[in-house]
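Pulled from TrEMBL, these are the features on record:
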| type | residues | note |
| --- | --- | --- |
| COMPBIAS | 370-379 | compositional bias 'Polar residues' |
| COMPBIAS | 561-599 | compositional bias 'Acidic residues' |
| COMPBIAS | 607-620 | compositional bias 'Acidic residues' |
| DOMAIN | 434-535 | domain 'Small-subunit processome Utp12' |
| REGION | 364-396 | region 'Disordered' |
| REGION | 560-620 | region 'Disordered' |
| REPEAT | 81-116 | repeat 'WD' |
Amino acid sequence: ASSRLQHEYVPSAHLSAACTCLAWAPPGGRPPPSKDGPQRKKRKSEVADVDKQLDILAIGTAVGSILLYSTVKGELQSKLDGGHDNRVNCVRWHQDNCCLYSCSEDKHIVEWNTQTCKVKCKWKGDNSSVTSLCISPDGKMLLSAGRTIKLWDLETKEVYRNFTGHATSVSSLMFTTVKPMNENKAFDGITGLYFLSGAIHDRLLSVWYIRSDRKEKNAVMSFTVTDEPTFIDLTVSEVKEEPVKLAVVCRDGQLHLFEHILNGYCKKPLTSNCTIQIAMPGNDEDSTPKPVPILAAAFCTDRQSLLLVYGNTLQPIIEKVSLNTTESHVCLIRDIQKALSLKTDVALTKVKTPVVNSDTKVLVPGIPGHSTSVKTPSSGKERKKNKRKPGETTESIEERLEALDIDVSKVKTPGGLPQTDSFAVLLVQGLESNDAEILNRVLNTRKESVIKNTVARMPIHAVIPLLHELTKRLQGNPYSASLMVRWLKSVFTLHASYLSTLPDLIPQLGMLYQLMESRVKTLQKLSRLHGRLFILVTQVAASETVQDATEVNQTAKLVYEDESSEEEGSDDEMIADKDSDENWDEDEEKEEQSDEQEMTVEKEINGDSDLEPENESEEE
């Protein structure tokens, strides 16, 4: 009622993992089936009445364990382990108080006995992860969904029906009716009921009908909303002609209300009867209202009024709103700025100053218009002594702040240029304040790598202002234009995808296109002229070098003459003959004619090879 935090459970960080899903245990003992079912459900959605009875909260975690937490005692009651080995996606209590169902990324569904904390039954629910569960009003059937939706018989653990489901993983499942519309047939607890499903990234909520035959697997109707549904609440239809009321909170912070009698197939997606948004009134200077996101919504017991939760998640505001409007769009004006202002007068003793060495430099965070004073503490030795050297004076705060100012003369790397991260910050600051000095400093860089990194790190919103600035500079001095072209090139290569999404890109860059065309037109003439001039200049230079050179004496300083080559050849032949004769004498008498032939061949070969150099010398 007062939107104040009533109870907070902070698990010890080293023992547990992040919470992924929650479910309140049904209040009291085991209620009588079917008759009391709808009333119990209705009580559950009304938080104020249930405060007295609600106690146990089942918390699914990212590591697969389930914690049972008692809000009355304010402590963990028990921990259910050993069922899942991956993130728990959904937990649902059975009407019978000591039975809990859970599903996980590990594709399994587990039935737990919460008194013994043991797994009662575990079975594979889908081929991919199971993301959502819902128990039928009579407690005998279970809906499970990954992408396809399955209806299980809880006694046999077999699939009773299959439904096509959604293209993405299903995030919510709930029954919308507790009795069939056709009251002539005997009711078996499930046939003839409708249920609702919503999936992530899906703007349609589907309604499915459970038939007695297995033919129809598709949705009978669907509700369309503006964005992915994040929170759904509904009033269950108990009487034949009573419409189902549905409240859907979307990711974009709007709330859509639907009211529809479920009576069979409907081809077109139904749009909302009413859309509710909340906004803050504009300030004196700024008259445009700012939207406030709605986080959740639930119907009260009278079914006519809603509880809205809005604001930020740290400090949400809960408000009861009555719905007696016929308008299709309602915007509630709420001034919540005062409620949401954070207290800043915290004692300064809690602030811990990071230990910084004397040779490190501290940069102010690079958000334009954001500046903080960061105190650089003295080095360790000085702190121990805690005494200043004689002659030293304390720095005034003004001096310290000046020291923090980003100035190129101070923020220097060993190379002598500012770092690329400070360059990107400087560039954005220069563009916003239109400061020529800063812009000159940044845009006159020549290093390709620095230019690339700067353009890559600059925020998207600064791309168009930078292009305008570059266009302005291209019209000036040709020397500066050549520098600007480098920047243009890297802007177009790195931000091409962003630029192509802009609808008014051509008018934005019209001036730049004209500039380029006019420059490129003269390029052909200029390059021809450049070619001619180049030839002329090289010829002039060549003729000058010829005149400068001194005449070279052409007579040889030294001539080397070889001996007559014929003599050489005959000597070689003689040597070869001698060799062959010696070989002949050494051979044994037993050798036959074939050996003789070989020798003559060898002799010829020797002779030939010796003759070759003679021929060469003659040619020379």
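Each residue, glycine too, has its Cβ placed from N, Cα and C.
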### Message
For a three-state summary based on DSSP, what are the helix, strand and coil counts in the repeat 'WD' (81-116)?
### Response
0 helix, 18 strand, 18 coil
### Task
Restricting to the domain 'Small-subunit processome Utp12' (434-535), report the mean pLDDT as a whole number.
87
#### Entry: DSSP helix/strand/coil residue counts for the domain 'Small-subunit processome Utp12' (434-535)
84 helix, 0 strand, 18 coil
